[in-house]
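Copied over from TrEMBL, here are the features:
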type	residues	note
COMPBIAS	49-61	compositional bias 'Basic and acidic residues'
COMPBIAS	85-94	compositional bias 'Basic and acidic residues'
DOMAIN	33-69	domain 'Small EDRK-rich factor-like N-terminal'
DOMAIN	71-93	domain 'C2H2-type'
REGION	40-61	region 'Disordered'
REGION	85-108	region 'Disordered'
TRANSMEM	6-31	transmembrane segment
Amino acid sequence: MTAPCSWLWLLSQIAAVVSHVCRLNVFFLFVDMARGQQKIQSQQKNAKKQAEQKKKQGHDQKAAAKAALIYTCTVCRTQMPDPKTFKQHFESKHPKTPLPPELADVQA
């Protein structure tokens, strides 16, 4: 091969490299778009699957436990599930405070 000595040849080589790089960038752009679409579809599929599992699971244990806490200490605002526990709590944590009237007849 002869040594390149013209500006025209040099420009054609630069143009070839630039067009090759641009084609690669366009290719990777399409690959990223496809992966982005796959990601969105995967997220939607996963959300649907999670919703179905939650529906099958039934009731929420945390909400049920919170609903069971119906007695509230008037001093420290701690919640208890039943009057017996409430009275034990009140006698052990607040011994100097007089017992509320609702706990007077509860057997601990």
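Quick reminder: no glycine exception, Cβ is built from N, Cα and C everywhere.
Note that this is a predicted model, so its numbers are computed, not measured.
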Please indicate, using numbers and ranges, the residues of the same chain that are 6 or more beyond the region 'Disordered' (40-61) and have a C-beta under 8 Å from a C-beta there.
none
Quickly jot the same-chain residues contacting the domain 'C2H2-type' (71-93) by Cβ under 8 Å, restricted to those at least six beyond its ends, or write none.
99-100, 102-103, 106-108
Do you know the DSSP helix, strand and coil residue counts for the region 'Disordered' (85-108)?
12 helix, 0 strand, 12 coil
Pop the mean pLDDT for the domain 'C2H2-type' (71-93) in here, whole number is fine.
89
Work out, from DSSP, the number of helix, strand and coil residues along the region 'Disordered' (40-61).
19 helix, 0 strand, 3 coil
